[in-house]
Amino acid sequence: MTTPTRSASLRWLTPNRFGLSVLLIAAFAIIPFAGSDYLLDAVLTPFLALALAALGLNLLTGYAGQVSLGSAAYLAVGAYAAYNFNLRLHGLPFLASLVAAGFVAAAVGIVFGLPSLRLRGFYLAVSTLAAQFFVQWTLTKFGWFSNNNPSGVIDAPPLAVAGLSFSGPVGRYVFSLTVVVVATLLAIRLLRSQVGRNFIALRDHEVAAKVIGVPLLRTKLLAFGVSSFLIGVAGVLWAFAYLRTVEPAGFNLDRSFEILFIIIIGGLASIRGAFLGAAFIVVFPLLLSRFGAALLDNVFDSGVLEMSQRIVIGALIIGLLIAEPRGLIALVDRVADKIRRRLFRPQPGPIRS
Amino acid sequence: MSLVATAGGDALIVARARERATEASRVARETSRATDAVRVADAGVPVLTLQGISLSFGGVTALDGIDLAVAKGEIRAIIGPNGAGKSSLLNVVSGLYRPDRGVVQLGSERFRHVPTARLAAVGVARTFQNLALFKGLPVLDNVVMGLVHRRRAGFVRQILSTPQARREEAEARAAAEEAITFLHLDAVKHQLAGGLPYGILKRVELARALVARPQLLLLDEPLAGVTLAEKRELAAHLRNARDAYGTTIVLIEHDIGVVMGLSDRIAVLDYGRKIADGTPDEVRSCQAVIDAYLGVAHEGETELVI
Ligand SMILES: Nc1ncnc2c1ncn2[C@@H]1O[C@H](COP(=O)(O)OP(=O)(O)OP(=O)(O)O)[C@@H](O)[C@H]1O
Ligand SMILES: [Mg+2]
């Protein structure tokens, strides 16, 4: 596959890995020092949490082909589970709470994934709404989950892991980044394994998958479990690293749709797509409101501004999906491919998947 | 559908056979009965036995009391006009359809309804009339999927990449590479199945079925829609597979020329009933078969090319 003349270290450094290394070095070593509190707190930390949630949903919807509208429910389960583990089990390290919260979300995800054994497509999507409404109702109705706060609001304690405090904007960003990087690496390993192939087989031809012996029940429930585990962990980040004060209403259907939009905009069945889509959804409104405020502040009031912002974003999304139904990632790949071809015209570049 | 002959010789033979159909078929039946006896004695328990399989969809009778026995190592063709029930028969054998009546016996296990999820484990692989590939996976991974039923390492082991998981992966890959080379698919093995031409995809699906070295291979029109040269090549591959691995093959095929050359025995279905079952020579000269195909020709076709 590779020419023997290339040294081992060079072989390791494919263009993909080179780009990824540069990104990771920048994210860990430069941004924490160079980034403003606003950038870290209002842009990057929510971006990371949403990207992880989108990655989770992408495993289920993009790869395994099971549509879900319950993502916000698993975010909420993760957030409230971590809050309660932290509150009620004294001495439990925070990382353990985080992982345990992921498992609780996975369990809830598996229960609400059971209808997928009978339903598919649109019908399955509607049935996953049950998770959405049930979880929100439970968290509002039973005070126990929010330590008897009358409106179900929880206040997350400051982040600290193994005696190290991550309570400032930099700390919360670095903590989120670490969790997201580890979770993403695990997801990549999963997708490259037989289980990942089973997910795609399930999505592309369920009957053929069954005939060759893919365990449908186990594979579907695994997809729901792993997906909601990741979304649950994202919920912990959302509640503990980003907002720090959350209420059940913050995890409503709008949030589920937001995560679904992220993977559709970024690109289904693509890990990079989940990150691109999350960046678009987080960053774009901020940019738009800045420009809007600067340009039209004295013409319109803020309500009109916000409304027109939504319209612009909606129009952009439609435009993008018409231009490239496979999402931003396909667009980026196409442009990168063109540039590479122009740069190395004699020998065409490798095909990216 | 039309009954197409690839060799001009068949046309003559069948035309002549029609004139003295009764006599010829009686002679042929007697000779084939003798060879049958030898084969059955050789093979012991048939790999596949169907007893009184009936199946209907609403008012449509797809299968009507079908009996069939396929011996080990045999290549058995199933032919018949469109809607005769050929695909339904394979769907019953693979458990995708549950017959209204009858029993399917695979090896020594008898089923009223074959459990599809266990099919691969019982040693049965199949292909579909309309391609059933995983478009989002590369060709190599599609073929690797053919061994999924042998995987034992769970997903935690796979993520952790334990020795067992790594060994299973390596074994599956090696077997898939072999099947890919066997079917001359090396040039496309890293391409996504979604973008490849039909003829190649037919071969990929065959590779996915062959990679598990099944006891019984069910092929629903594996040669449809490929060029004549490819057809000959694929037919040779099928025979090689049978000779190399002792695979028993049941295939549905419309091209009579290919069927005659390839199969040991042929079963003919018409309106869900089995109207003939015997060696190519015997079937060629069977009056009921000729009538069935003539009937088809009268309905739409100007010319019967047999
Ligand atoms: N799932 C189904 N639902 C309803 N009717 C069906 C179904 N499958 C098959 N049939 C009917 O059963 C009959 C036999 O169909 P089948 O597909 O087995 O024929 P075939 O011999 O494979 O034909 P072809 O050569 O066109 O593939 C047809 O009348 C068909 O319409
Ligand atoms: Mg058919």
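Using N, Cα and C of the backbone, Cβ positions are placed for all residues, glycine too.
Pulled from TrEMBL:
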{"type": "TRANSMEM", "residues": "A:18-36", "note": "transmembrane segment"}
{"type": "TRANSMEM", "residues": "A:42-60", "note": "transmembrane segment"}
{"type": "TRANSMEM", "residues": "A:67-85", "note": "transmembrane segment"}
{"type": "TRANSMEM", "residues": "A:91-114", "note": "transmembrane segment"}
{"type": "TRANSMEM", "residues": "A:121-139", "note": "transmembrane segment"}
{"type": "TRANSMEM", "residues": "A:173-191", "note": "transmembrane segment"}
{"type": "TRANSMEM", "residues": "A:221-243", "note": "transmembrane segment"}
{"type": "TRANSMEM", "residues": "A:255-271", "note": "transmembrane segment"}
{"type": "TRANSMEM", "residues": "A:278-296", "note": "transmembrane segment"}
{"type": "TRANSMEM", "residues": "A:311-332", "note": "transmembrane segment"}
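Counting Cβ pairs under 8 Å to the transmembrane segment (A:311-332), the stretch among A:18-36, A:91-114, A:173-191, A:255-271, A:278-296 with the most such contacts is A:255-271. Among A:42-60, A:91-114, A:173-191, A:255-271, A:91-114 has the largest number of CB pairs under 8 A with the transmembrane segment (A:67-85).
Of the Cβ pairs linking the transmembrane segment (A:255-271) with the transmembrane segment (A:42-60) and spaced 6 or more residues apart, 3 or more are under 8 Å, so the two regions touch.
Of the two recorded stretches, the transmembrane segment (A:18-36) lies close to the transmembrane segment (A:173-191), with three or more CB pairs under 8 Å once pairs fewer than 6 apart in sequence are set aside. Under the criterion of 3 or more C-beta pairs below 8 Å, with sequence separation of 6 or more, the transmembrane segment (A:121-139) and the transmembrane segment (A:91-114) qualify as touching. Scored by C-beta pairs under 8 angstroms, the transmembrane segment (A:42-60) has its highest count with A:173-191, from the stretches A:91-114, A:173-191, A:278-296. Listed as Cβ neighbours of the transmembrane segment (A:91-114) (distance under 8 Å, sequence separation of 6 or more from its ends, same chain) are residues 66, 70, 73-74, 77-79, 81-82, 85, 127-128, 130-131, 134-135, 159-162, 179, 220-221, 223-233, 235-236. Below 8 angstroms of C-beta separation, residues 24, 27-28, 31-32, 35, 40-41, 44-45, 48-49, 51-52, 55, 59, 63, 98, 159, 161, 166, 199, 226, 230, 233, 237, 241-242, 271 of the same chain, each at least six residues beyond the ends of the transmembrane segment (A:173-191), sit close to that stretch.
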